[in-house]
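K.L.:
Take a look at the following structure, please.
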Amino acid sequence: MNNKIEEFKISKLDNTKFVHPVKITYKQNGINKSWEAVKSFDSVAILLYHETKNAFLLVKQFRAPVYLNDKSKLCTYELCAGIVDKNKTLQEIAKEEIDEECGFDVSLENIEKITSFYTNVGVSGGCQTLFYAKIDDSMKIHEGGGIQDELIELMYLPLKDYEEFIFDESKAKTPGLMFSFMWFMKNKTKN
């Protein structure tokens with residue numbers, strides 16, 4: 001992925017669209033406490049396995065918060081994912097994200113829920129629901145890449161390379177992605 005980042009600035013966040021910074025005050029065991037947090041949307045993420053290629057389909061994109069903390073990370077490697085901001089089921093949102101980001105039309109009955117967990121618990125504590133779906137070229141309906149100004153690159157990771165990828169610290173990736181690989185190896189492969 002070719003990224004040229006310029007004029008990277010940090011400013012105060014006033015009118016927000018996706019996250020809402022808050023200060024929380026509370027009493028725990030009789031002791032007054034406070035915490036800075038961000039109220040954010042819950043999300044879905046989907047592990048996509050391409051049967052013919054025997055590979056996971058990942059998305060690669062620039063993430064400004066990662067770059068803010070490590071200028072060497074021009075892109076992240078992620079599962080296909082999206083926020084829960086529509087009046088639809090989580091499975092319907094997952095289907096929509098697979099279409100928008102990756103260009104595949106996967107039927108709802110072929111999108112399997114794995115589990116839900118909380119992410120970034122010290123700051124936002126959003127709940128992410130993880131799904132799994134098998135894909136093949138017959139389901140491909142367009143090139144993917146996201147909508148509006150999203151710049152998403154698709155990447156196939158051969159199954160044989162998953163473990164090396166997990167432990168390659170030069171690649172920015174999420175715990176959900178690594179967990180989903182382990183889940184797949186335990187539940188979807190013949191031991």
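Count begins at 1; order follows the chain as displayed.
Each residue, glycine too, has its Cβ placed from N, Cα and C.
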K.L.:
Return the residue out of Glu36, Glu51, Glu143, Glu150 that TrEMBL annotates for the same Mg(2+) site as Ala81, Glu97, Glu101.
P.N.:
Glu150
K.L.:
Among 13-35, 82-104, where does TrEMBL put the label motif 'Nudix box'?
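P.N.:
Residues 82-104 are the ones TrEMBL records as motif 'Nudix box'.
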K.L.:
My understanding is the cutoff is Cβ-Cβ under 8 Å with a sequence separation of 6 or more in the same chain; which residues meet that for Glu150 (Mg(2+) binding site)?
P.N.:
Gln61, Glu101
K.L.:
So, three-state DSSP: helix, strand or coil for Glu97 (Mg(2+) binding site)?
P.N.:
helix
